[in-house]
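Visitor: Below you will find the structure I want to go over with you.
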Amino acid sequence: MKFCHHCGNQLSEHAKFCGSCGNALVLPTQGNTENIHQPEVAYSSISKSVFQTATEKINKYTGETGSVDIQFKDLFSEVSKPHSNEEAEEIFSIGTRATTPKLEDVSDSWAKPWLFSRIFMMFAIGFAGLYYAVVDLESGYAIPGLIFFGAFAVPFSTLIFFFESNMYQNISIYETIKIFFIGGVFSIVITLLLYEMFPLSLDSYYYGVLTTSDAILIGLVEEAGKLLLLIYFVKKYNTKYILNGLLIGAAIGAGFAAFETSGYILENMMYGEFLAVTFLRGISSIGSHLAWTAIVGGALVMVKSGGDFTFSHLANQRFLFFFGSSIALHAVWDMEVPFVSNVYIKLAILITLAWLEILTLMNAGLREITTIKTTKLNV
């Protein structure tokens, strides 16, 4: 089996050009035959082709065309490099009146975030220490800290990734944390109130079993609850840019995920399953509430197109696609899928799908910067 090294398209054994992308192929010689047929090269090309195809389809709903061109090695290239405390402090200082750059100075290239990885490491080290205190030293006083570190590690670290990826640098860390706490808490409160009006089935209450209709209802209710908070903050800050919408949505979703996970960890403490719950819900939170609300936030600001929010924006077909996909991802997350019996595989697929949408919206946000800067120059 032969694949194009440019786009991953499957080819006939004697092809000299790719019928999909048109690029000439590197013909095998005695010295390079083995390298061309290496399985990992083919798999890499296939993965790239799948990514390009998926993002191209999603991109239609952002108003853009083509696939998303992103080099993950380049995106995370700063993570492995050493950085000083001064660099970290400089990142946390952005977003004030004095530090927000002018529009002409805003870059439309992909960010290279790294601070999020350091924040995660701090949480991981703290969790390890508290785990030792609780399990080996049998200290009950360390339990609240263990719950906090376990529940907040991934959501808050990923939120910092979105903070670093906001190329406008116009939302401060103070405002981000405020949205995280207020948005997270009150989205849970609103969700609980909505459950009073739209309760789950009796099977859920008596047997703890979620039916398919329960899973769909959970997706609708919880995404609607977070959407209300999202609308509030978008109106409050008069948010105009897609990258800002992604950050605000991620902050609300991260808060929701952290507080919800805290409850699940506490609930399972008495059954001795808290560590498994902490790892499963903590790690998977990178693609759950945080990701779903980030998608909705980016989509909401996208359809606003720089204008004031009106409820008619919620009926926009492009917004409905992203909001509907978030509900669908949430619903499938909570239901049993017959053809995917392994829960880890299911979660991995759902997380991947969510991040395909996020990266596509980020790409649209970068193109938005280019458009705005070009428009201002031509005026």
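Placement of Cβ uses the backbone N, Cα and C atoms for every residue, glycine included.
Pulled from TrEMBL, these are the listed features:
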DOMAIN    3-25  domain 'Zinc-ribbon'
TRANSMEM  115-135  transmembrane segment
TRANSMEM  141-163  transmembrane segment
TRANSMEM  175-195  transmembrane segment
TRANSMEM  215-234  transmembrane segment
TRANSMEM  241-259  transmembrane segment
TRANSMEM  279-303  transmembrane segment
TRANSMEM  315-333  transmembrane segment
TRANSMEM  345-366  transmembrane segment
Visitor: Based on Cβ pairs under 8 Å, which of the stretches 141-163, 315-333, 345-366 lies most in contact with the transmembrane segment (215-234)?
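Guide: Between the candidates 141-163, 315-333, 345-366, the best contact partner of the transmembrane segment (215-234) is 315-333.
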Visitor: Would you mind listing the long-range same-chain contacts of the transmembrane segment (279-303), meaning Cβ under 8 Å and 6+ residues beyond its ends?
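Guide: Apart from its flanks, the transmembrane segment (279-303) reaches 62-63, 150-151, 153-155, 158-159, 162, 222-223, 226-227, 230-231, 234, 239-250, 252-254, 256-258, 260-261, 264-265, 309, 313, 316, 318-319, 321-323, 325-326, 329-330, 333, 347, 350-352, 354-355, 357-358, 361-362, 364-365.
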Visitor: Near the transmembrane segment (115-135), which same-chain residues lie under 8 Å Cβ to Cβ, leaving out any that are not at least 6 residues past its ends?
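Guide: Contacts with the transmembrane segment (115-135): 79, 83, 88, 91, 142-143, 145-146, 149-150, 152-154, 156-158, 160-161, 163-164, 275.
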Visitor: Checking distant contacts: for the transmembrane segment (315-333), what same-chain residues at least six beyond its ends satisfy Cβ-Cβ under 8 A?
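Guide: Counting only partners 6 or more residues beyond its ends, the transmembrane segment (315-333) has Cβ contacts under 8 Å with 61-63, 215-216, 218-220, 222-223, 227, 288, 291-293, 295-296, 298-300, 302-303, 346-347, 350, 353-354, 357, 361.
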Visitor: In terms of Cβ proximity under 8 Å, which residues at least six beyond the ends of the transmembrane segment (175-195) contact it?
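Guide: Distal contacts: 95, 156, 159, 163, 221-222, 224-226, 228-230, 233, 237, 247-248, 251-252, 254-260.
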